[in-house]
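K.L.:
Checked TrEMBL, it gives:
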- 25-129: domain 'Gnk2-homologous' (DOMAIN)
- 134-238: domain 'Gnk2-homologous' (DOMAIN)
- 268-289: transmembrane segment (TRANSMEM)
- 331-614: domain 'Protein kinase' (DOMAIN)
- Lys359: ATP binding site (BINDING)
- 647-661: compositional bias 'Polar residues' (COMPBIAS)
Amino acid sequence: MALILIIMILLPLFFPSEAYDIQRYGFIAYCNFSSKYTIPSPFKANLDALLFNLTDSTANSNNSFFNNSVGTAPDIVYGLAQCRLDMSAYDCGICLYRLALHALSQYLLYRSNSILSNNCDLRYSDRHFFSQVYLNFTTFYNDNNVSNPTVFREPLRKLMHEVTSKAPMRVTRFASASVNDSITGNIYGWASCTRDLTDAGCSTCLNYALPLVLEYGYSKGCRVFSVTCQVRFEIYPILAQPPPPLTGSYPSEVTLHQGNLNDTMKTVLAVVISLTVAIGLVSVIYFCWQKRRKFRKLIFLRDLQDDETDFTSAESKWFELSTLRDATDNFSNQNKLGQGGFGSVYKGTLKHGQDIAVKRLSASSGQGLQELRNEVIFVAKLQHRNLVRLLGCCLDNNEKLLVYEFLFNSSLDKFLFDNNGSQQLDWRSRYKIIEGIARGLLYLHEDSRLRIIHRDLKASNILLDENMNPKISDFGLAKHFGLNETQANTTRIAGTHGYMAPEYLMRGEFSPKSDVFSYGVLVLEIVTGQKNRGVVRYQPASDLVNNVWKHWNEGKALVLTDKRIGEGFPADQVQRCIHIGLLCVQEDPTKRPSMTSVVNILSSYSTSLPKPLIPGFFTRSSFIRESDEHSGNAEIQLVERRYSSESTTQLANSSSMNEISLSDIEPR
């Protein structure tokens, strides 16, 4: 009966209706996975005692802060906890109690851990860390931008300089302020340090964080933090109003922390936390949580809304950061294979001689974390000869790394668009690549366990092995597509200029036919050896698709065949590939063939092909008098203006920023 009572008390706490109020209490955990303890052990007993002591003492302290140690070496445990100054004692206790429960379930057996949330922080370790400054920072930012960044930056800069200079001088190590500008509106800022830091230590930490948060001066909000300090700005009030008194009215000077935790609350906390020592029950709960979230060694929960679909965790190999540093010679430039929008790729060699490719994602990129999540979930579940193989990943504080099989011949773009590389790519190899990419896409769209839309198919994301077999890579922008869905929409348009389908770029509509469009562009690039640069205003001939369409209608498509292929190529086969490419890039997505049809066409010459219709982003001005150029279709002119730049750009819509990278950047 007692065990049933324990389970009834504990299960709602481990599996609450709001999942720990994640939207309100988003948190990030930094855990040292290299040092463990056993159960039972003196260290575990000391940790249990410390967590209860921190939870109760911090909530009842005058400044919502407490640090302490329990035990003696080698089983001593150091701990620190603090809450926001605008929290009541009750809310502070609840917040810390949630983090303590999470630490004992998700990070059982690990001797050092730091869990930081919006409202409270909890740290413990077997090593003394009091008054030490840590400068590994993590950044959250709002991907909705302010309307006038140029005007917004100056009052923001003054505000953040004010709070970061005041916080170190205060006992609370906290400062907040706001500005109200007739143009920019309200801006709210704060800066804080853990209250064990000295004035100089707090100042050092905030001075490192300040330029990081100011980098996002175009955003509606940003938060930069380490385990010892944080800075934040928003366009809405960050701090809560003081809690209402239980009776009567507020005194003239409001005390933010009203009284102590009541006896009932203390009893609940004492019972719950002490019961976590029950090894069997905690082990079962720990196993369930690990089963559900095993791929997330780093718990990274944001209170900003995330509209991505969540999938069951994928099994992957975890690499230690030290292993990957050794393999890549500490990510040296000599081992760098390429640079992309989310980070850099390095060649590495493991101690047993295996060559690997390591993608090091940007330390402060929210998109980078999402890309890692996609890769781990999708690629680990997708197995096909024409898809790149993911070997594992690594999460270590700000480091986010993906480890792939190393492919000897690098990426397709280096062969197509490099004069020396193209000489090695004969027609037989090109046709093999066209077929292989088609089979890989067919698997993604129809034959895999997950129906996947790649959304970033391009030459630099096609890797080639030693036998020139193509492998589709980079699933950071991929989307899961339901079996019964024919089309989906997104407010975050992401992809590469020159490869995106018109319905996706203009309306955010994506489907398997969006990938078909990208495939068609790739086919035309493989045949011609030319990069599709998209529509550039006043230079319609620079667009490969337009140029091929023009020559096709004139019956001269074969003259665009890459001259470096040499003589004696099968003209009928080349003509058929151009025909397939034009069918895939048709403006109307319903007219584009499915990848099943494409694979059948490539493998059978008996299949007759329909006449291709007008391609997407077709520049009609290239077929009219130059004097009539400005009277073209308004939508097409809009696309031309958007594509008039040769540098990486972002396009805004009503609810988010759209990441669009140009096709001439280095491969990611």
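Every residue, even glycine, has its Cβ placed from backbone N, Cα and C.
Given the structure is predicted, the values throughout are model-derived calculations rather than measurements.
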K.L.:
Treating G and I as helix alongside H, and B as strand alongside E, what does DSSP give for the domain 'Gnk2-homologous' (25-129) in helix, strand and coil?
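P.N.:
Here the numbers are 36 helix, 37 strand, 32 coil.
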K.L.:
Per DSSP, what is the helix/strand/coil residue tally across the domain 'Gnk2-homologous' (134-238)?
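P.N.:
With helix first, then strand, then coil, the domain 'Gnk2-homologous' (134-238) has 37 helix, 34 strand, 34 coil.
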K.L.:
Pop the mean pLDDT for the domain 'Protein kinase' (331-614) in here, whole number is fine.
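P.N.:
Value for the domain 'Protein kinase' (331-614), mean pLDDT as a whole number: 85.
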K.L.:
Could you tally the C-beta atoms, other than its own, that fall within 10 angstroms of the C-beta of Lys359 (ATP binding site)?
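P.N.:
Lys359 (ATP binding site): 27 neighbouring Cβ atoms within 10 Å.
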